[in-house]
Structure formats: C-alpha cells, structure tokens
Ligand SMILES: Nc1ncnc2c1ncn2[C@@H]1O[C@H](COP(=O)(O)OP(=O)(O)OP(=O)(O)O)[C@@H](O)[C@H]1O
Ligand SMILES: [Mg+2]
C-alpha cells in the first residue's frame with residue numbers, strides 16, 4: 001500500500017500532465033483532430049456516469065441519449081444570443097426569449113433539468129422490484145423525440161436549432177470529464193456507492209440491511225442523468241447544431257457498447273471503453289475512403305468501421321464478458337507492484 | 001408488560017391457499033434468547049420474513065417497541081432496530097468482508113451526500129467512524145484478519161459469521177438468526193454458541209433464533225417454540241420441550257419417514 005499523500009501527489013501530477021499534453025495538442029493538431037480529442041473527453045464523462053447507474057447500481061438505464069437531448073436543448077435555448085434568439089425562436093415565451101445566460105449556468109441548468117426528468121421517470125419505476133427501468137427509459141427516448149419535434153416554439157421542431165456559439169473547447173470538455181470522474185469516484189467510495197453496489201449484488205439483502213432501495217437507485221439514476229445532460233449540452237455547443245435526431249437510440253446504444261466493452265462496474269472501464277470506441281472508429285473511417293500505405297493502395301472499404309466494431313464487440317463479449325477492464329479499478333499501487341516485481345527479478 | 005420488546009399476535013400467512021404460518025404469536029422479553037424449531041418446511045423462515053417485512057402478514061399484528069410494523073418496508077423495520085441473517089446466505093459476494101459490514105453500518109452514518117462528494121471533514125470523520133465500528137464487529141466475530149477478502153471467497157462457516165457481523169452493524173435491539181450453525185462442525189457450533197452469548201451481553205440484544213442443531217438450541221435458549229405445519233405445537237423451557245410428546249412425534253415422525 002502506498003500512503004495517501006503520495007497517491008494524491010501522483011494524481012495531481014497526472015492531471016497537470018494531462019492538461020499540458022492537451023495544451024500542446026491544442027497548438028499543434030488540426031481542428032479535426034482536436035474535435036476527436038474533445039469527443040473522447042465527452043464520451044468518457046458520459047460512459048463513466050452511465051456506469052454509475054448501470055454498472056455500480058445495477059439499474060439498467062437506456063435513457064442517456066434522452067438526457068443528453070434535454071441538456072442540449074435547455075442549454076442551447078438559454079445560451080443563445082438574444083439577437084439570434086429573436087430570429088430563430090421568435091415564438092419563445094417572453095421570460096425565455098429575453099434571457100441570455102453565459103455557458104456555465106446554461107450547462108448546469110441543462111444538467112439539472114435532465115436530472116429532474118430522471119426523477120420524474122425514475123420515481124414510479126424504481127419503486128418496483130425488477131428491471132422496468134430499461135423499458136421505461138426506452139420509452140423516454142421515444143417520448144423525448146416526439147416532444148422535441150412537437151414543441152416548435154421552443155425547439156424549431158425537426159429543423160433543430162443551428163448556429164449555436166461554439167463555446168465548447170478542450171478546456172470545457174476535459175475539466176467536465178475530470179469533474180465527472182471525481183464525483184463518481186467520490187460516490188462509489190462512500191456509503192452511497194457501497195449501498196448502490198449492495199443493491200446490484202442482492203437488492204433484498206441490501207434492503208434488509210437498511211438500504212433504502214428507491215432512494216439509492218434514484219440517486220444513481222439522477223446523478224447519471226445530470227452528467228448526461230451536461231455532456232449533451234457540451235456536445236451541442238461543439239457541433240453547434242441540435243436536432244431531434246442528434247440524440248437517438250444509436251447514441252444510447254453506442255454508449256452502452258462502450259460501457260460494456262470497457263467494463264460496466266468500473267470507472268477505469270468507462271474511460272478505456274469510451275476512449276477505445278471513439279478513437280478506433282475514427283481511425284477506421286480513413287479506411288472507408290481508401291488510403292495508400294507504403295506504396296500499397298487500399299481501396300475504399302465502405303462500412304468497414306461498422307463491421308470491425310461489431311466484430312470487436314462480439315469478441316470482447318465472448319472472451320471477456322465483464323469488459324476489457326472488468327470490475328477492477330486503476331490504482332497507483334499497480335505501478336508500485338510492477339516496480340517491486342521487476343526489482344525482485346533483478347535480484348534473482 | 002413494559003419490558004417486552006417484540007410482540008407478535010396471531011400472525012397468519014397464506015401463499016395462494018397454502019397456509020405457511022397460522023396464528024403465530026410471540027412475546028419476546030428484553031435480553032432473552034428464544035428459539036424457534038421445527039421440521040423442514042414448518043414455516044420458520046416464513047416467520048422471519050414476516051417479522052422483517054419481506055412478506056406482509058395476511059392477518060395479525062407485529063409490534064416492535066410498541067410500534068406496529070406489519071407492512072412496513074424492510075429498511076424501515078431495520079432502522080427501528082430489528083435485523084436478521086439469512087438461512088441461505090445472502091452476502092454481497094463481490095464486495096469485501098469489510099464492505100459487507102460497512103453497507104449495513106451506514107444506517108448510522110452521520111454525513112450527507114454533498115459532504116461525501118466534496119470530501120468534507122465531516123465525511124472523512126464519518127467514514128473513519130464507520131470503519132472503526134465495522135472493524136470492531138469483525139473482531140467480535142473473529143473475522144478481522146479477513147477484512148479485505150471478497151466475502152464470496154470465505155469458507156462457509158465464516159460466511160455465516162459474517163452474516164451475523166453484518167446484521168449487528170445495523171445496530172439492532174432485536175436480532176433474528178436463521179440457522180446460524182448450519183453447516184458447522186460440533187466444535188465450530190460450540191464456539192458460535194459462546195459468541196452469540198457474548199454479543200448478546202455486549203450489545204444488549206434480544207435474540208430469536210432458528211436452528212436445527214439441538215445442542216445449540218438447548219444450550220442457548222431460554223424459551224423455545226416448536227412449529228409444525230405453520231402452527232405452534234409446543235412452547236416452553238428447553239427441558240419441557242425435550243420431553244414433550246408432540247414434539248418428539250413431529251421430529252421422530254419425520255425421522256422415521258426418512259429412514
Ligand atoms: N415465497 C414463497 N412462495 C410460496 N411458498 C412459500 C414461499 N416461501 C415459503 N413457502 C412455503 O412455505 C412453507 C414454509 O417454508 P419455510 O421456508 O418457512 O420453512 P422452514 O421452516 O424455514 O424450513 P427449513 O427448515 O427447511 O428452512 C414451505 O412449504 C414453503 O414451500
Ligand atoms: Mg428455513
């Protein structure tokens with residue numbers, strides 16, 4: 001075991017290193033590459049927050065994309081410059097039409113509204129024994145699409161809201177990512193997280209040990225939705241457009257796939273799954289248009305990334321059904337142990 | 001009687017026509033160790049499930065500290081001071097031994113959600129207190145050296161003891177033990193008998209236990225109830241029960257049929 005002080009120091013150093021690297025990337029890399037790096041950050045936050053609900057607490061939510069949509073639209077409407085707002089959304093009620101919040105409060109309110117939606121869906125459903133949440137959240141995805149399409153005055157319906165200010169940059173994204181990881185880590189290392197894991201293991205026994213099932217499940221679900229809401233808002237202000245189709249089933253499923261591939265009940269698993277499944281498809285996308293490697297030209301392989309991803313998913317599920325990382329967690333002790341082993345080997 | 005801590009009056013439970021427990025009554029005086037015995041399928045575990053809120057009684061009343069608890073949720077009943085162990089072990093097998101106890105100990109945690117997220121001093125102190133309490137309980141049950149093991153990896157006997165440590169962590173006044181000595185050898189169950197007495201004194205408990213091991217029951221219990229086909233067929237001191245004709249028949253009848 002390493003002492004706590006040292007671990008804190010290492011974590012701090014790692015954070016500094018991360019932001020130095022991001023700073024350098026920001027100077028050197030093209031906007032296209034920076035966008036990928038930012039998407040990696042957002043996806044990490046989304047998957048880690050999804051893991052709190054689905055992995056640690058064991059209530060299977062498919063609603064993440066819906067909460068992203070809620071956060072994205074709320075933040076977009078709140079932060080839209082007044083001049084633009086008057087043109088794009090002239091029918092907004094006065095109290096909304098005359099506010100223009102800066103980005104941070106818009107994000108937070110977006111997250112909070114998403115969390116409130118989670119509370120409204122979750123309260124009736126999570127009181128029941130059994131896995132009704134997956135169905136309920138799937139229904140929520142449908143409902144939210146319909147609502148967004150119908151609420152023309154607020155959302156411009158199917159046309160979506162475009163021309164959002166591109167507030168989201170590397171710093172917003174990665175600070176959000178770090179905060180999400182920190183909060184989830186704090187939760188799982190407290191009585192709240194232990195209660196959630198107990199519920200996942202055996203809900204009757206957890207309840208018989210005094211864990212209030214509804215309260216803890218709702219907590220996990222709402223915290224997940226809060227971060228999904230902010231993630232959606234960041235996403236919208238990176239792409240600068242939101243439409244009802246921005247956050248549909250495929251978004252939820254790709255997040256669930258990332259979570260399953262990395263490891264559902266582990267923060268590290270979320271980070272690994274999200275990074276891998278964001279980066280690999282981007283690399284594969286190059287193959288789809290055809291490239292030349294060392295004089296050998298590879299013809300365009302349309303759809304190859306989908307095929308490779310599906311194969312990867314199948315292989316991971318067969319070989320490591322608990323995901324690449326499983327339920328283990330990164331720890332600085334890993335390095336110490338390795339060092340210790342190599343030292344032992346040197347002595348031999 | 002002011003000193004009776006648990007009063008059960010004519011509790012009945014049907015499962016779709018099957019009468020699992022009928023007119024079960026019990027008065028537990030403070031500090032007593034009471035036994036509940038009977039052949040397999042007699043309804044003993046069902047009684048525990050009724051007391052702890054897993055099932056709602058079809059009829060009858062259950063009063064803990066003079067408060068009617070029939071129909072309340074499990075976690076509400078636990079917080080009123082009645083905890084249990086499970087006959088067919090229900091540990092959180094993928095959590096460590098310590099975490100199993102910590103899950104139960106949180107009922108008395110004194111920090112809130114925001115303090116936990118911000119890592120405030122109240123959270124750190126609260127966690128330290130929880131850990132100390134949990135460690136003390138593991139020590140009582142002789143499991144402290146296994147604190148960091150996954151509970152699912154423990155030998156059977158230790159898992160049974162962990163069930164008790166976990167139930168104790170909720171800070172109960174009434175403790176219900178469902179076959180705590182099942183699967184233990186005579187030496188282990190002898191030790192367990194001692195341990196149960198010790199924790200009763202140390203934590204000021206009132207205990208109701210279900211047990212097939214007659215050494216444990218006769219040794220430990222002040223009063224015994226015998227259940228057969230959901231009905232109490234005898235009730236009294238260990239010596240009376242041992243010589244009760246109906247009880248012998250209930251048990252011997254079964255043994256004879258099995259032979
Ligand atoms: N949830 C349930 N649904 C239907 N029937 C049940 C249920 N739980 C128990 N029973 C029935 O109630 C009766 C009493 O079961 P119970 O588990 O209380 O017996 P027991 O005295 O604890 O037996 P053992 O000594 O084997 O543990 C049995 O016939 C059992 O099949
Ligand atoms: Mg039983």
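Using N, Cα and C of the backbone, Cβ positions are placed for all residues, glycine too.
Please treat TrEMBL annotations as automatic predictions, because they have not gone through curation.
Bear in mind that the values here come from a model prediction, so they are computed numbers and not experimental data.
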Annotated range (TrEMBL: transmembrane segment) out of A:194-217, A:218-241: A:218-241
Cβ pairs under 8 Å between the transmembrane segment (A:253-280) and the transmembrane segment (A:9-29), at least three: no
Candidate ranges A:65-83, A:132-151, A:171-188 - greatest C-beta contact count to the transmembrane segment (A:103-125) (under 8 angstroms): A:65-83
Residues of the parent chain within Cβ reach of the transmembrane segment (A:301-319), under 8 Å, 6 or more residues beyond its termini: 257, 260-261, 277, 280-281, 284-285, 287-288, 290
Listed stretch, out of A:9-29, A:35-53, A:65-83, A:218-241, that has the most CB pairs under 8 angstroms to the transmembrane segment (A:132-151): A:65-83
Candidate ranges A:9-29, A:35-53, A:65-83, A:218-241 - greatest C-beta contact count to the transmembrane segment (A:171-188) (under 8 angstroms): A:35-53
